[in-house]
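Below: the structure, in structure tokens.
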Amino acid sequence: MTAESLTTPGQGAEYADTASEAYRAALRVIESVEPRIAEATRKELDDQRHSLKLIASENYASPAALLTMGTWFSDKYAEGTIGHRFYAACQNVDTVEALAAEHARELFGAPYAYAQPHSGIDANLVAYWAILATRVETPGLAEFGAKHINDLSEADWEALRAKLGNQRLMGMSLDTGGHLTHGFRPNISGKMFHQRQYGTNPQTGFIDYDAVAAAVREFKPLILVAGYSAYPRRVNFAKMREIADEVGATFMVDMAHFAGLVAGKVFTGDEDPVPHAHVVTTTTHKSLRGPRGGLVLATEEYAPAVDKGCPMVLGGPLSHVMAAKAVALAEARRPEFRTYAQAVADNAQSLADGFVKRDAALVTGGTDNHLVLLDVTSFGLTGRQAESALLDSGIVTNRNAIPADPNGAWYTSGIRFGTPALTTRGFGADDFDRVAELVVEVLKNTQPAAGPNGPSKAKYTLADGTADRVRSAAAELLEANPLYPGLTL
Ligand code: DSN
């Protein structure tokens, strides 16, 4: 497995040369108008090439997917859906959207796919409103003997609106690894639904399915959400569906983080959400390695309502991004993507083992997906201090809450690491063990420091020489596994 085979599947040097020419030309065009943007674009590639990117939600899309975004599809309005637009002359957008949806359906084995969401939050909003439309609005209209909401009297419409705003949602809590869009109060999902959250077992950090079932039986949500952004373990979606079915809840899975592992057949059977959920949402830019955006997959029952996502909750589709989604999804259907996805999971295992053997505390004691959550209180640090010290040393991560976090969601007590990006560069298991060694070296050499007003959760000191030593060790790993090999600007 080489970085080349991972980033530019099956394309080789000729592909890199062609992409180099395209980028050089594009940068010259940009430079002629606003040279500072051309400069920032060059610098961003340089920075990404020279840092250890361990943010679990980031990756490197292929030049093909990235180049696809820079076209005149950006200029077209196409509100509506395939073959049913509110604007004229959408024939080419229809082609693009249909191809993106076709690749998504084939890749995930889903009956229906919707490629318009601009982000994961948008995808979740489309899903929530599609479920509300299917489960509450349509039967409500039937009760009132109406075909369309515009046919309702003011009083009936108010009654239906009250019903739409009086539904229940249950998802995983943010501090145990869930996402803010899964019913976190400060997010719109926590405001538009009566919400309650399930957590993980306080002793083990794992999902306790009996506890989830008990909470669901008591709360009886309309929607049960599974999926996570910082839970380092697999989920049994078959079990979660059984729990949802017991109370008649619609089962929705947000697979944004692990869509690449589903696409790459690392998660199969009970761990593949698609056969078990009514609605599945994802982003396309994380482990799936496509452009920044979202997708919704759905059963036939929910498809018609999902298809109305724009203009229900979405602005006009980003057709240039949908085109790039089609390209990236086509890449993910190639056999190389399965090799990549398996390497993502194997590398996470190696990273976790590397931490454990160096006595660093991990939430749940390890991982069996693409991410690792390190409890940095074992180093006497907050997540904020650890994140900054690592960044000083060329290691890009993000601080993250751990279960029952004593430092809250801003300073946090954890650092989240993910393997999708560096695996794209070609990093293997030994490289990730070395990454664990470098991280531990930085954290052992970091001390909390006081600010002008006393103890601080942000200030720290890093022992002299540590940042330079770690940066140069990281540079060796990065040079051995170049980003976009052969691409020159
Ligand atoms: N921002 C993403 C993440 O980092 O997990 C989720 O929205």
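The backbone N, Cα and C atoms fix where each Cβ goes, and this holds for glycine too.
Features as listed in TrEMBL:
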type: DOMAIN; residues: 31-135; note: domain 'Serine hydroxymethyltransferase-like'
type: DOMAIN; residues: 166-438; note: domain 'Serine hydroxymethyltransferase-like'
type: BINDING; residues: L174, G178, H179, L180, E300; note: (6S)-5,6,7,8-tetrahydrofolate binding site
type: SITE; residues: H285; note: site 'Plays an important role in substrate specificity'
type: MOD_RES; residues: K286; note: N6-(pyridoxal phosphate)lysine
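TrEMBL feature annotations superimposed on the structure.
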| residue | record | Cβ neighbours (10 Å) |
| --- | --- | --- |
| L174 | (6S)-5,6,7,8-tetrahydrofolate binding site | 26 |
| G178 | (6S)-5,6,7,8-tetrahydrofolate binding site | 25 |
| H179 | (6S)-5,6,7,8-tetrahydrofolate binding site | 24 |
| L180 | (6S)-5,6,7,8-tetrahydrofolate binding site | 18 |
| H285 | site 'Plays an important role in substrate specificity' | 27 |
| K286 | N6-(pyridoxal phosphate)lysine | 26 |
| E300 | (6S)-5,6,7,8-tetrahydrofolate binding site | 8 |
Alpha-carbon spacing, H179 ((6S)-5,6,7,8-tetrahydrofolate binding site) to H285 (site 'Plays an important role in substrate specificity'), which is rounded to whole Å: 16
Three-state composition of the domain 'Serine hydroxymethyltransferase-like' (31-135), taking helix and strand from DSSP: 60 helix, 9 strand, 36 coil
Most distant Cα pair in Å, residues L174, G178, H179, L180, E300 binding (6S)-5,6,7,8-tetrahydrofolate: 31
Euclidean distance between Cα atoms of K286 (N6-(pyridoxal phosphate)lysine) and E300 ((6S)-5,6,7,8-tetrahydrofolate binding site), Å: 27
Inter-residue C-alpha distance, G178 ((6S)-5,6,7,8-tetrahydrofolate binding site) and H285 (site 'Plays an important role in substrate specificity') (nearest angstrom): 18
Integer Cα-Cα distance in angstrom, H285 (site 'Plays an important role in substrate specificity') to L180 ((6S)-5,6,7,8-tetrahydrofolate binding site): 18
Residue pair L174 ((6S)-5,6,7,8-tetrahydrofolate binding site), the residue listed as 'N6-(pyridoxal phosphate)lysine' - Cα distance, angstrom, rounded: 19
Reduced DSSP assignment, H285 (site 'Plays an important role in substrate specificity'): coil
Distance, K286 (N6-(pyridoxal phosphate)lysine) to L180 ((6S)-5,6,7,8-tetrahydrofolate binding site) (CA atoms, angstrom): 17
Overall pLDDT for the domain 'Serine hydroxymethyltransferase-like' (31-135), taken as the rounded mean: 98
